[in-house]
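One structure is given here, and the rest of the page talks about it.
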Amino acid sequence: MNTQSTHNSVDRSAREHVALPTKIAYVVPAFALAVVGIPIYVYLPKFYTDVVGVHVTMLGYLILGVRIFDALTDPLIGLLSDHTSTRFGRRRPYIAGGATLLAIALYLLFHPPHLSSSLATVWFGVGMFAVFLFWTVVVVPYEALGPEITYDYDERTTLFGLRDGALIAGTLAAATSPAAVAWLFELAADASGERAKFFWIAVLYIPLLLICCWGCVLVIQERRPLSQHSMSLTWSDVTDILRNTPFIILLIAYTISAFGSHLPATLILYYVEYVLLSPHADLFLVLYFVTGIVFLPGWMALAHRWGKKESWLLSMAVNTGAFIGVFFLGPGDARWYGILVFLSGIGFGATVAIPSAMQADVIDYDTLLSGTRREGHYVGIWSIAKKFAAALGVGAAISILGLSGYVPNVPQTAQVQLTLRVLYALVPSICNLIALGIAFKYPISRDIHHAIRAAIAERQAGKQVVDPLDPSKTLF
């Protein structure tokens, strides 16, 4: 491990610094995963229905089945990686092996042969299940590795800020890739051109995924686990997690906020076209992501100065305070919308990155309670919550829009426009306000985290330990 201080330092003058090569090695897979992952969610379904020939109803059933399967595998992979013991560590074998298998599955999914509709459906189904399985094999151990790289409160802010900044950058690159590839290779706007487009996306980005994931594995050295447990999720594990009040607060607040954020993510194309009457939704998306990336370093600096909780609350307030204004816009207000998108984007990067750094701190509190490090358990639960919020947000947005009387490719009624404004701007703002109120109760500050790290060291030394969150209570 390329660090320069002891693992359990609580003195800010003796911080545990993570070397730059370690930071880079950990951060770059996030960019590569976003670049190859976003097309699966956004572009691949339309490619398979319109070009490959999969019936849209069957495709919908397959995607639903894949998402359910995906949610079930998250805690399983987290549990497996927590209890894996090899000379290469607990996380790295999954990242290396999973990335190799994921690369193969992605290539086959992005480059399907010419098949009948029924065989194309089978190809898509098998390919999607394989991609999501191997994706989980990579991502859950990869995210569990992060909290182990450094136990330092502020270094985690930097590390996760860089990682999630790379994730946002990868999302931006993925959003522009299809058009860029079509222009670069002068591809025709027909079925053969679409096939060629996805082939080149695979050829360009899959090697990047392998290089980044294998580079992470080769550069980063894992810490040895504090103890080994049986390969099972016991009732004691469950009660420990439920006793972890900071994690429960963080999880609930983040899930509510994430649900709200998936509404505008789903409806932006509808809102811009049918409420603002503008054809420039793609430009507004780019503006939002670029703004988030540009201002993220400032939020990381603020988190170092003020603390993570305070910075996260402020970023949600900035994001929500600007975005609520979108509810009052209508036809011809594209310029005002651009201004509000920019102002909202100022807080966007921090709303993504800071909760990840806070998650790492609540895992330390679990280590104090349980005597072992269970990052995989927590990342698995966190992943389920994220996917639940995404599924509920997307489902609610589309279902309610349909019930309001939406008809595609025609001017919408006043009722549909009001529904879009409420779902796109008002409901997400209310969700963020609720999340703000819940997150305000989050108890782990920098000083509390230092006390938790000190208590862990005392427990390992066999000393009696008091709860840093409640000094009147003795834990051991």
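Note: Cβ is positioned from N, Cα and C throughout, glycine not excepted.
Per TrEMBL, the features are:
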- 24-44: transmembrane segment (TRANSMEM)
- 56-81: transmembrane segment (TRANSMEM)
- 93-110: transmembrane segment (TRANSMEM)
- 122-145: transmembrane segment (TRANSMEM)
- 166-185: transmembrane segment (TRANSMEM)
- 197-220: transmembrane segment (TRANSMEM)
- 241-263: transmembrane segment (TRANSMEM)
- 283-300: transmembrane segment (TRANSMEM)
- 312-330: transmembrane segment (TRANSMEM)
- 336-358: transmembrane segment (TRANSMEM)
- 379-402: transmembrane segment (TRANSMEM)
- 422-440: transmembrane segment (TRANSMEM)
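Between the transmembrane segment (166-185) and the stretches 56-81, 197-220, 312-330, 379-402, 422-440, Cβ pairs under 8 Å are most numerous for 197-220.
Contact between the transmembrane segment (241-263) and the transmembrane segment (336-358) is present: at least three CB pairs lie under 8 Å, with pairs separated by 6 or more positions in sequence.
Among residues of the same chain six or more beyond the transmembrane segment (336-358), those with a C-beta under 8 A of the stretch's C-beta atoms are 143, 146, 156-157, 159-161, 163-165, 167-168, 250, 254, 257, 261, 272, 276, 278, 284, 287-293, 295-296, 299-300, 303, 308-309, 311-312, 314-320, 322-323, 325-326, 329, 442, 444. With a cut-off of 8 Å between Cβ atoms, the residues of this chain six or more beyond the transmembrane segment (122-145) that come close are 26, 29, 33, 37, 40, 48, 52, 54, 59, 62-63, 65-66, 69-70, 73-74, 77-78, 81-82, 90-92, 94-95, 97-99, 101-102, 105-106, 108-109, 112-113, 115, 213, 216, 220, 222, 356, 375-376, 378-380, 382-383. In this chain, the transmembrane segment (312-330) lies out of contact with the transmembrane segment (56-81); the count of Cβ pairs under 8 Å, excluding pairs fewer than 6 apart in sequence, is fewer than 3. Using a Cβ-Cβ cut-off under 8 Å and counting only residues 6 or more beyond its ends in the same chain, the transmembrane segment (312-330) has close neighbours at 257, 264, 271, 275-276, 299, 302-303, 336-337, 340, 343-344, 346-351, 354-355, 358, 417, 421-422, 424-426, 428-429, 432-433, 435-436, 439-440.
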